[in-house]
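**Q** Mind having a look at this structure? Questions to follow.
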Amino acid sequence: MASTSSLALSQALLARAISHHGSDQRGSLPAFSGLKSTGSRASASSRRRIAQSMTKNRSLRPLVRAAAVETVEPTTDSSIVDKSVNSIRFLAIDAVEKAKSGHPGLPMGCAPMAHILYDEVMRYNPKNPYWFNRDRFVLSAGHGCMLLYALLHLAGYDSVQEEDLKQFRQWGSKTPGHPENFETPGIEVTTGPLGQGIANAVGLALAEKHLAARFNKPDAEVVDHYTYAILGDGCQMEGISNEACSLAGHWGLGKLIAFYDDNHISIDGDTEIAFTENVDQRFEALGWHVIWVKNGNTGYDEIRAAIKEAKTVTDKPTLIKVTTTIGYGSPNKANSYSVHGAALGEKEVEATRNNLGWPYEPFQVPDDVKSHWSRHTPEGATLESDWSAKFAAYEKKYPEEASELKSIITGELPAGWEKALPTYTPESPGDATRNLSQQCLNALAKVVPGFLGGSADLASSNMTLLKAFGDFQKATPEERNLRFGVREHGMGAICNGIALHSPGLIPYCATFFVFTDYMRGAMRISALSEAGVIYVMTHDSIGLGEDGPTHQPIEHIASFRAMPNTLMFRPADGNETAGAYKIAVTKRKTPSILALSRQKLPHLPGTSIEGVEKGGYTISDDSSGNKPDVILIGTGSELEIAAQAAEVLRKDGKTVRVVSFVCWELFDEQSDEYKESVLPSDVSARVSIEAASTFGWGKIVGGKGKSIGINSFGASAPAPLLYKEFGITVEAVVDAAKSFF
């Protein structure tokens with residue numbers, strides 16, 4: 001359907017883009033050649049620039065292996081492909097125009113590769129977006145979400161009807177301004193902050209590789225799907241993408257295929273102003289196979305051949321760099337930053353319709369395009385039915401493996417799993433909660449099939465190694481210890497992908513609590529996307545001692561208590577640590593953070609797994625009538641201090657209640673009656689103690705209460721001295737309590 005003027009514009013802009021590549025070392029990969037798409041005719045000057053670019057780059061470094069060049073038979077008539085691609089473009093244009101906000105440029109430029117993926121390559125069932133063995137797609141450049149909504153609409157997903165497209169970016173719609181997996185079935189992960197999506201995709205691909213290695217048999221492949229992603233220049237600039245892609249290459253995730261939308265435009269202008277590295281060479285160095293598709297605008301056969309080649313490379317992920325024109329088809333805004341994040345405007349929409357020869361009304365999908373895409377509903381049903389039959393045969397032959405895999409697919413935990421968690425008495429030897437956490441992790445891994453995880457190069461400090469299992473590596477993907485290296489941000493986002501792959505995959509990841517500063521973006525997406533990742537955060541206070549304030553968390557607990565849909569646990573001993581894990585494993589749509597001590601702590605009388613389930617509970621009380629003289633409230637290592645202070649006060653004749661406030665969020669969920677039983681409203685004499693910022697404690701202790709904590713950075717010294725110098729002591733609690741009498 002493209003007009004002559006449109007094709008001329010396309011080739012002119014494409015030549016400029018490829019010449020732009022030749023201006024530095026970024027374009028040094030050999031590209032597909034000899035493939036001609038419908039209407040694709042580069043000018044002589046364009047060909048000369050390409051040749052000059054390639055000649056220049058050959059002098060810069062040895063050529064990588066050329067991509068296989070072959071004639072690929074298109075699976076679909078080229079005219080319907082053109083029409084389908086333009087349908088995607090104009091659904092995006094029209095939705096953004098109606099909303100008066102959005103990002104039309106990416107959908108207009110990426111429509112060809114996205115069409116080929118969803119219409120010709122990917123396996124999915126539109127009527128069951130949660131079919132286990134579907135291919136996964138991640139739009140890492142989430143601002144271009146109208147591309148994804150248009151694809152889901154054309155493919156027949158019930159979640160995106162025409163009316164939903166018309167409600168793009170509106171209150172209560174299924175088509176929000178960035179993809180949200182919890183809002184729109186068919187969307188795998190929540191993306192928007194750039195780089196998160198490609199890191200999620202690494203997690204999805206890791207999950208596939210791990211499950212395939214564990215459960216596939218020579219005569220039965222029941223886990224066999226690909227993960228595809230589209231990422232842009234912005235994703236490439238973000239450090240998280242390099243962290244995650246480095247691991248993808250190291251792990252050899254051969255079923256991860258990422259399309260790099262190479263359009264040279266960022267919000268502030270041409271990428272030349274800030275981004276001139278050689279992405280191709282970087283990804284080769286990261287262990288990826290790299291292919292360059294020069295013509296992403298109309299080069300359908302090039303895109304098909306690139307995907308075909310990528311699937312032949314099974315020992316490493318593939319990056320397909322697709323040179324596109326942002327806002328393709330817009331006569332006055334294509335290839336400019338102005339088309340990135342704003343509606344085209346009425347006049348430019350009309351000009352684009354004329355330019356691309358598109359006579360249809362807004363939101364109208366031509367009948368032949370509808371008919372063409374309608375086949376995905378029966379084909380998807382057949383794909384799922386065939387897989388179900390294969391799994392039924394697998395279940396008969398391999399019942400034990402099938403039972404484990406079903407648990408992972410459904411999220412149903414084995415009966416009695418919680419009995420594996422250790423329990424403790426006050427007579428049990430005291431220990432750091434990080435060590436007690438390791439006991440819980442290893443107990444859970446033996447009974448929960450989908451339990452896996454690791455640390456950011458701190459396994460021996462975080463105590464997170466699963467002793468019964470080896471390391472997940474390229475040659476041993478069936479193992480369950482994940483070695484993330486010093487990549488906190490990538491680690492968190494990869495775990496999000498693992499958690500969102502299957503309900504029964506329960507990933508955990510670990511580092512020092514203070515280094516959540518390096519991964520907070522991923523942790524926030526965990527909460528937003530309802531990914532039940534377990535964050536094992538050790539060295540939770542000044543109790544870590546001599547490493548000093550760079551390693552001592554102060555404000556971190558308060559900040560995570562402020563984060564929606566997040567459980568912030570700070571257990572005091574073994575029973576509370578086990579209780580925190582019991583909750584974390586069952587909360588599959590809420591991430592849990594466990595702040596754990598480096599220093600040894602005693603097992604306290606009165607603590608219990610059941611108490612943790614309430615979030616806050618009484619561990620000792622010598623009062624009557626629910627009216628103690630004072631209530632002492634502690635968390636983690638300071639609960640012991642509260643208990644010791646209570647004994648001092650009781651010797652002075654005061655009645656004292658000691659409350660463990662292990663998880664504020666769970667306490668907030670309890671009934672008013674229960675809350676009153678723990679914190680009676682007519683008892684205003686309350687003292688909290690926590691070796692962290694006192695921010696937020698006011699709502700717990702009330703206007704007349706007192707909060708003991710640390711509202712400055714820590715210091716380098718032995719832990720006992722730090723507690724004394726910062727006033728986190730029994731004496732300080734006793735003095736605060738006595739001020740009420």
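For all residues, glycine too, the Cβ spot is worked out from N, Cα and C.
According to Swiss-Prot, the record shows the following:
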type     : residues                                             : note
ACT_SITE : E488                                                 : active site, proton donor
BINDING  : H143, G192, P193, L194, G234, N263, H340, E488, F515 : thiamine diphosphate binding site
MOD_RES  : A67                                                  : N-acetylalanine
SITE     : H103                                                 : site 'Important for catalytic activity'
SITE     : H340                                                 : site 'Important for catalytic activity'
TRANSIT  : 1-66                                                 : transit peptide
**Q** Can you check what DSSP calls G234 (thiamine diphosphate binding site), collapsed to helix, strand or coil?
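**A** It is helical.
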**Q** Round to the nearest Å and give the CA-to-CA distance linking P193 (thiamine diphosphate binding site) with H103 (site 'Important for catalytic activity').
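**A** Here the two Cα atoms lie 14 Å apart.
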**Q** Round to the nearest Å and give the CA-to-CA distance linking H340 (thiamine diphosphate binding site) with H103 (site 'Important for catalytic activity').
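**A** About 5 Å separate the Cα atoms of these two residues.
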**Q** Using Cβ-Cβ distances, find the residues under 8 Å from H143 (thiamine diphosphate binding site) that belong to the same chain and are at least 6 apart in sequence, listing them in sequence order.
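**A** Correct list: H103, L106, G177, H178, G192, G341.
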**Q** Measuring Cα to Cα, tell me the gap between E488 (active site, proton donor) and F515 (thiamine diphosphate binding site) in whole angstrom.
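**A** Here the two Cα atoms are 7 Å apart.
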**Q** What are the sequence-distant neighbours of G234 (thiamine diphosphate binding site), meaning same chain, six or more residues apart, C-beta distance under 8 angstroms?
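**A** The answer is A141, L194, G195, S266.
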**Q** For P193 (thiamine diphosphate binding site), what is the secondary structure state per DSSP, taken as helix, strand or coil?
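**A** Looking at the DSSP assignment, P193 (thiamine diphosphate binding site) belongs to neither helix nor strand, so coil.
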**Q** According to DSSP, folded down to helix, strand and coil, what is H143 (thiamine diphosphate binding site)?
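**A** Once the DSSP labels are grouped into three classes, H143 (thiamine diphosphate binding site) ends up as helix.
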**Q** For a quick check of packing: other C-beta atoms within 10 Å of the C-beta of H340 (thiamine diphosphate binding site), how many?
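**A** Other Cβ atoms found within 10 Å: 23.
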**Q** Ten-angstrom check, please: count other Cβ atoms within 10 Å of the Cβ of F515 (thiamine diphosphate binding site), all chains counted.
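**A** Taking all protein chains shown, F515 (thiamine diphosphate binding site) has 20 Cβ neighbours within 10 Å.
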**Q** Would you identify the secondary structure of E488 (active site, proton donor) according to DSSP, in three states?
**A** helix
**Q** Rounding to the nearest whole angstrom, report the longest C-alpha distance spanning H143, G192, P193, L194, G234, N263, H340, E488, F515, listed for thiamine diphosphate.
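**A** So the binding residues stretch over 34 Å, Cα to Cα.
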**Q** Starting from the Cβ of H103 (site 'Important for catalytic activity'), draw a 10 Å sphere and report how many other Cβ atoms land inside it.
**A** 24
